[in-house]
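To start, the structure under review is shown below, and the notes come after it.
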Amino acid sequence: MFTNYFFSSARIGIIAKHTFTQLSRMKVFYFLVAFALLIVGASFFEMPGGRIASDSAEQDLRMVKSTAMGAMSLFSVIFAIAATALLLPKDVEDRTLYTILCKPVPRIDYLLGKLLGVLALIFLSIALMDILLTGILYFRTESIISSELANAAAAGFSSEQVAYYESIIRQQGPTWDLQFGVLAIFLKAAVIASIALLVSSFSTSTLFTIAISVLVYFIGHFTADARDYWLYMMGDDFSMMSKWMSQLAVLIFPDFQLYNIIDHSIEGKNIPANVIGRLSLLTVFYCGIYSILAWFCFRKKEF
């Protein structure tokens, strides 16, 4: 009896599955996936005269990764905001919400199910694009290595120089650091989806939810700079209250600069596993806080 009124992973799973199916039928999903895949695919084909002599093999591969991951980021953020903003109003319009909540289903289960459904679809979409990127990047890397090393051997480079050059090129190919960057794209989308869920829980307008979520997204890229500047201006007057205010600002506007390891993965730089681990924990924290706040706003809402 009591399981009808408390948190239930089974109920959340059912709602998440329904949400996943519901979103997969949205035309905007197909449009965004097609758009992202088009950009990812186009980046793999070098147009005649598109590469100038000063370009290096590493720059060529970096351009492929930059274009592809830019498309992934664009798709994940837009879809996270738009899909989450549309969920609650659509359930109200279809009267699905009334059917679910009269079971009775705790509203926290409903909200978490909706959020997990969105994240599952984003994860699947990014995973498919990642497979496409990794596969074609692998063949592109092997093709470049074959061509460049043949030129190096013809130029009389030593075996040590050739091996070093090959390692430099492979560093720009498919690596675990690249996968960490792709994971960071998903984690960033998870946070913005949680923010959109929070706004949607008290908003009656889809447009308002989208606008506020986009605003928070852009502000989040300047949170760290604004906090550092404010603390610098405070100088010796820095107090415990100032510290609490700065922490509150970070809670309201998450620091999206922390997810800039995406840039490091594009550049072929090493990303320690503990960094992505801390970023994952931070994402879980943000999603948890925003989900609790969304439930607090949604639990007494009348429909």
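Note: Cβ is positioned from N, Cα and C throughout, glycine not excepted.
Residues or ranges marked as transmembrane segment in TrEMBL: 28-47, 68-88, 115-139, 180-199, 205-224, 244-262, 274-298.
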Intrachain neighbours beyond the transmembrane segment (274-298), with Cβ under 8 angstroms and 6 or more residues off its ends: 107-108, 111-112, 115, 180, 183-184, 187-188, 190-191, 194-195, 197-198, 200-202, 251, 254, 258-259, 261
Range from 115-139, 180-199, 205-224 with most C-beta pairs under 8 A to the transmembrane segment (68-88): 180-199
